[in-house]
Structures are given as C-alpha cells and as structure tokens.
Amino acid sequence: MLLQLLTAVAALAGAACSLLAEGSGTGAISGILPFTAGGFIYLGTVSVLPEILRNSGPAQALLQLLALLAGVAMMLLIAHYE
C-alpha cells in the first residue's frame, strides 16, 4: 500500500511539473517527449516480450513481435508527420 501511495504522489508531482512547464515553449517538449515515449516503449516490451515467449510457439511469437514493432513504427510516423 505504501508503494501505491508513492506512485500516486509521483504521478501528482509529474502532473504539477507538466503544468508548470506548460508555457516554457517547445524546448521543454522536445526534451521530455522522447524520454516519456522511450519509457512507455521500454515498459511495454519488458512486460510483453516474456509473455510472448513463454505462452506461444515460434510462429505466433514472431507475429506478435512484428505487431509490436509495427505499433512502434506507427508512433514514429505520427510523431514525424505531426
């Protein structure tokens, strides 16, 4: 329960920091956005890849890995053309 409280406080601190940095311009966004996206990609792959490799055959694991990489590619395309 203490760790849950710690994550909630960290989420509030992150929200407060983003609200304070709102008017600072594109410099803050260009530094924070890749860091945040990388964190989400890392957490997604760390939690998804062991499940893929443990519960499926090689062909199914390859298809799921390709779908994961296609999702990352779509995020890159959206970020590039935004």
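Please read every residue number as a count from 1 along the shown chain.
Using the three backbone atoms N, Cα and C, a Cβ is placed for every residue, glycine included.
Annotated features, as they stand in TrEMBL:
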type	residues	note
SIGNAL	1-17	signal peptide
TRANSMEM	31-49	transmembrane segment
TRANSMEM	61-81	transmembrane segment
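Nonlocal intrachain contacts for the transmembrane segment (31-49), taken as residues 6+ away from its ends with a CB within less than 8 angstroms of a stretch CB, comprise 18, 21, 64-65, 68, 72, 75, 79. For the signal peptide (1-17), same-chain residues at least 6 beyond its ends with a Cβ under 8 Å from one of its own Cβ atoms do not exist.
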